[in-house]
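Novice: Pasting in a structure now, in structure tokens, and then I'll have a few things to ask.
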Amino acid sequence: MRKGLFYGLLFTSPAILGFIIFTLGPMIASLVLSLTDYNVFKAQTAFVGIDNYTKLFSGEDELFYKSLGVTFYFVVLRVPAVIIVSFVIALLLNLNVKGRSIFRTIIYLPSIVPAVASAMIWMWLLNPDLGLINTILGWLHLPTGNWLYSEGSVIPSVVITTLWGIGGTVIIFLAGLSGIPKQYYESIDVDGGGWYSKLRHITIPMVTPTIFFNTIMTIIGSFQVFNEAYILTQGGPNNKSLFYVFYLWRTGFRDTEMGYASALAWVLFVIILIFTFFVFKTSKSWVHYEGGERA
Amino acid sequence: MSRQRKSLSVLLAFLIMLVTILSACSKSDSNAGNGSASSPAGTASGSSAPAGTASAAPTGEGLSNEPITLRMTVWGAPEEVAAYKVAIKKFEDKYPNITVKLQHIAADYDTKLTTMVAGNDVPDIAQMESASIAFPLAEQGKFYNLQDFLSSDTEINADRLVPNITYSLEPGNVIGLGPGPESFGLFYNEDIFKDAGLTPPPAKASEAWTWDEFIEVAKKLTIDNKGRNALDPAFDPKNIKQFGVNFPTWWGGYSNFIFSNGGDFISEDGKSFALNQPAAVDALQKIADLINVHHVAPSPVQAKNIPAPNIALQTKKVAMAIDGQWVSAGLAQSKFNFNVGVLPIMQKPMTTVVSGMFSMFKSTKHPKEAWELLKALMDPDSSIDLITAGTWMPSYRDWYTDPALLAKWTENLDSRPSGYKDAIVDVLLNDSHQTPTGYVKNFNKIMDIVNPALDKVWLGQQSAQEAMDAIAAKAQAQVKGRRDVKE
């Protein structure tokens, strides 16, 4: 028993060490720092209690609420879009068509393109004057847009660019779909139901655990959006795409106010925690587990 | 169960100890690094701590013969790094006991340097940008006051440098010297002017176009896709094939005209926000009108389609481009008839001088040697390739005034067209202004408020007066004074 424990710890120690040194340690440090006025360049760091947090919530820092609003808007638009689009794509890829694996590869491919590269591609596609998207819209005599460069359309445009990389989510949906036993569908065939009945009564209930997982991961990922602001918009126009993490980065690394940035980080952590908790709570009523047991 | 828990806590305790030991090790290392030049406490004791410098009285002699390693960090394109390497090679040949470790940080320079400062692991000399973390670092006393070196050095002093390349935290406290000053000019494609039968922009400041003359020419050179120019009543501003002028809408671009119009970012006494004052508002509005009223310049959105200035001018997407003289290098490579004129004036000829700087960290163990290295980097002879290619200008005044030296970098070179001496060299010497990042305290925070408001002005959604008035109170709250005014 003792020996077992020893070897267990020995073999898991790289992971445990990694977690403690690179995750837990910095987290605790940042929590402590969020209670100070730590500025990298200042020699003296004073303990300021919850001053950073009061500054955040008192409305003194307008950009805090602004960036929070921008990020919420992004999450609200993006999460349903990602889930619905990737689910539909997964359904299509799950059909028994010729060249299925090629389609699957194509859908997944953008996910391995570096974020910076795909952001650059999108910058060109969405270019108001020369971009492919406006050009095609022009041919079809449809209204064109300023996409990333106008206050109203910048967030929806960013959402569109991020849909490009949903291959990972699709793969997880596919895994969920392929786990559904064939005989369920056969029983619907016997009862004379069509594709809609299959979707409504078998496919969707059976993949709710996958939907649940993907929703949580997408929410967490969406709250932490950064590359798009950093590369595509720099927060503009008029701060309309000032994403929370971008603002946090700017506070920490451009203004070097690490203490304050740590407070920002912890607020985001708590917000994500609350959202995740909320989704977990509601999951009881809509997530279906085959054995009837909840995890 | 309890036994397991015990082992686990022992393990955890062990790990924590390990971490502590590791971090203690690295800390003591870097403290040792700080030790000999100035004590860590001395480093920390605020900005005006000449004690450290006094003890290391900088003279050309008295350099150590011990083997020494100096570390420096730079950013920049490969050709700039190549120029630094030339300077370093010369320096190392002169001082065989000194090795220079050049660290090229191509991306996220400030983030990396911030991290290095946080880890107490800084270079001896660092290239810095006035608009970013140079002043925050200087305010914490991290840099040597280079004035002390300048005043006692026999080879180089403040008078030997061209104006506006010295960065000071406050009067008398020089924190950085710019190795390559840059000013703005009006670059243009000569063939476009020839074909249109128009007189090209004058090069001499005394003959500079007035703003109205500039607009007139720009209109004639703005052509829609049916070949009509902007003076034609049927002109279609939605389908412009060739813009009269490309106007960069970042602060470097419009600062030239705010200064030319007698305006400023903050008032002379440093007490109030000044972009909402008549002179500045007038300049901003006139620039916005180029885009939205006269349709001779691309909006910021359209400007995203305009390629780099050399390509834009060569392919006749734009006829003229207001830009920094650094574009000369690209223009020279593009092989077409380009030239440069003096910027149009609002009240008086004016150009803003921008430049990176070299700063010396107080934690260096070898301030005298670091100063010699800094001098070597400032020496135009070392960066001559970069200067003749068009990217840089020399930092020494005599390179502008001594005909022989001037000829070295302005004559018979693709990168230096006929208008260059008058439009760039003379204007830099006689009609230049320091970059606002060099003297406006808290510049970034002020601009965080100004930039979003200006977005609306460039897009024509608000007048400059409305936009600047709307944010004046918020911007005023961020005004912290001027660095060139003694408090």
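Quick reminder: no glycine exception, Cβ is built from N, Cα and C everywhere.
A TrEMBL annotation is a machine prediction, not a hand-curated record.
Okay, so TrEMBL annotates it like this:
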- A:7-33: transmembrane segment (TRANSMEM)
- A:68-279: domain 'ABC transmembrane type-1' (DOMAIN)
- A:70-93: transmembrane segment (TRANSMEM)
- A:105-125: transmembrane segment (TRANSMEM)
- A:154-177: transmembrane segment (TRANSMEM)
- A:206-226: transmembrane segment (TRANSMEM)
- A:258-280: transmembrane segment (TRANSMEM)
Novice: With a Cβ cut-off under 8 Å, give me the same-chain residues at least six positions beyond the ends of the transmembrane segment (A:105-125) that come close to it.
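Specialist: Contacts with the transmembrane segment (A:105-125): 89, 93, 131-133, 148, 161, 164-168, 170-171, 227-228, 231-232.
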Novice: Name the range, of those listed as A:70-93, A:206-226, A:258-280, that has the largest tally of Cβ pairs under 8 Å with the transmembrane segment (A:154-177).
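Specialist: Checked against A:70-93, A:206-226, A:258-280; highest Cβ contact count belongs to A:70-93.
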Novice: Below 8 angstroms Cβ to Cβ, which residues of this chain, lying six or more residues outside the transmembrane segment (A:258-280), approach it?
Specialist: 30-31, 33-40, 45, 48, 52-53, 55-56, 64, 212, 215-216, 219-220, 223-224, 244-245, 247-249, 251-252
